[in-house]
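Note sheet for the following structure.
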C-alpha cells in the first residue's frame, strides 16, 4: 500500500504524518440545518453542562434545564445580561486554561456586571474531529433549549445573551442562534477563530453566519492554508470580521520562534508554536477586557497588502471599529465587513497606526532602493530608528506605507529621516562629493525630499512635515534630516513638551 502525506488536525494544530488520508465527508445530519421548530420538544436532560460563575476563581455552579431551583442556587440574575463561553474541540478531556482566564476577566473587568456562564460539552468535544463536528449541532440545539427555557421561566430575553465561541464553539454558537425563532434572536455572537475544516465554503446554514444573531463579530487569527486546509476559517462569517496582522498567522507565533518554545515547553514546542496563532484570537478578546483604555482599532480594507500600504486608515461611515468585547455593534447590511489591524506579539496588543506618504525627487538615472530609518518625537515621548525599505524609487511617484508604534508618543511634532545605506555606498558618495562639490540646495544628483504627509489611524489626524532646512532638500547616505510640522500651530505643539 502506497501512503500519501496527509494533514491530521490534533489539538487544532497541523501535524504532518505519512499515512493514508481519510476521506472527509459531511454526515447527512450535518448537511441540512434544522430550524427553530426542532426545539419545540425541550429535552429533560442535556449532554451539555451549563455552568454559572459567581466570582473570578469560581469553578462553576451547574444550571439544570427545567430545574428552576438551580437558577437561584447558582445566583442567576435575570436583570443582568448573560455572557456564555463555548469552548471548542478537545483532544484531552479537560478544559483549556484560557476558559478560566476569560471567566476571570468577564467577572472582574466590566463596569456593568453580567451573568457569566459556560457551555461545557467536553464529552461531545473529546472525540475524533469529524465526530465532534457532527456533535456541534446537538450542542447548539441544547444551548437554544436553555435560552428558550430562561425566556419562559424567568422572562429572560435572548436579546440579552452574548455567546463567545472559540474554534468549533463558534459554529456551535451559530447553530444555537439558528434554532431560535426570528422574533427572539440571540443578541450577539462572537466567533474566535472559528474552525476551518469542514466549514470553509460551507453554506450559511452550515456554519456561523450573520443571520444567527442580532450582531455577529469574528476574529480570524490562523487562516494559513496548507493543502487547501486551514485551522481557522478564512472567509467572512460575521457582520464585522477582524483579521489581525492579516489573519494568516500572528507575531510571536512564527516557526522562527520555535527555539524559544523549546526552552520552555520541550517536546511540546511544535504544538505550542502552531496552536499559538489559533488561540491568539482568545487572548486578543481577553486583552480587550483587561485593557479597556487600550482598545485595538481595526480598519475596513480589501486585503492586508493594501492595508500595509497605509491606504485604509479611514473611520468615515463605519469604516473602523474596535476589536474585542467593546466592539461597536451595528448591522447596516447583511454584507460582511472585513477589517484589518496590526498587533504586538504580547499583551497589551494595541499598536498605533500611521500612514506615511512620501514623494521623492530622484535625480539619478536609475531607480534606487535605499533603506531608511525614521525616528519620531511626540508630545508624550519618542521612538527611535524604525527601519523602512522602499523598492525602486523613481521621480514623481508618491510612496505610501504603514508604520506602527507600540507606544503612545502623543501628537507627532518632529520626524527624523535617515538614509541608512551600506558603508561602501556612503564612502563612494563622500568621494564624489569631494571631487564634485555640489553647493547647498543643488539638486544635481541623488534623492531629494521636500515634505512628508502623515495620517494617524487612531485619531484620524492629518499632518504635513516639511524639511527643517528648505535650502537643502537632498538626502545623503548616513546623514539624518529633520522634518517639522508645516502648519502654523507647530510652535504651540513644541511648547507642549517643554
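Easy rule for this one: first residue shown is 1, then count along the chain.
Any Cβ shown, glycine's included, is placed from N, Cα and C.
Annotated active site, nucleophile per TrEMBL: 167, in sequence order. All chains included, 29 other C-beta atoms sit within 10 angstroms of the C-beta of residue 167 (active site, nucleophile).
Residues or ranges marked as active site, charge relay system by TrEMBL: 193 (among others). There are 29 other Cβ atoms within 10 Å of the Cβ belonging to residue 193 (active site, charge relay system).
If you look up TrEMBL, you'll see 278 (among others) marked as active site, charge relay system.
The Ca(2+) binding site feature in TrEMBL is assigned to 207, 212. There are 27 other CB atoms within 10 A of the CB of residue 212 (Ca(2+) binding site), with all protein chains counted.
Residues annotated as domain 'PLAT' in TrEMBL: 352-485.
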Inter-residue Cα distance where the pair is residue 193 (active site, charge relay system) and residue 207 (Ca(2+) binding site), in Å: 13
Integer Å distance between the CA atoms belonging to residue 278 (active site, charge relay system) and residue 212 (Ca(2+) binding site): 23
Pairwise CA distance, residue 278 (active site, charge relay system) versus residue 193 (active site, charge relay system), rounded so that it is a whole Å: 6
Fewest Cβ neighbours within 10 Å, where candidates are the recorded positions 207, 278: 207
Between residue 167 (active site, nucleophile) and residue 193 (active site, charge relay system), the C-alpha gap once rounded to whole angstrom: 5
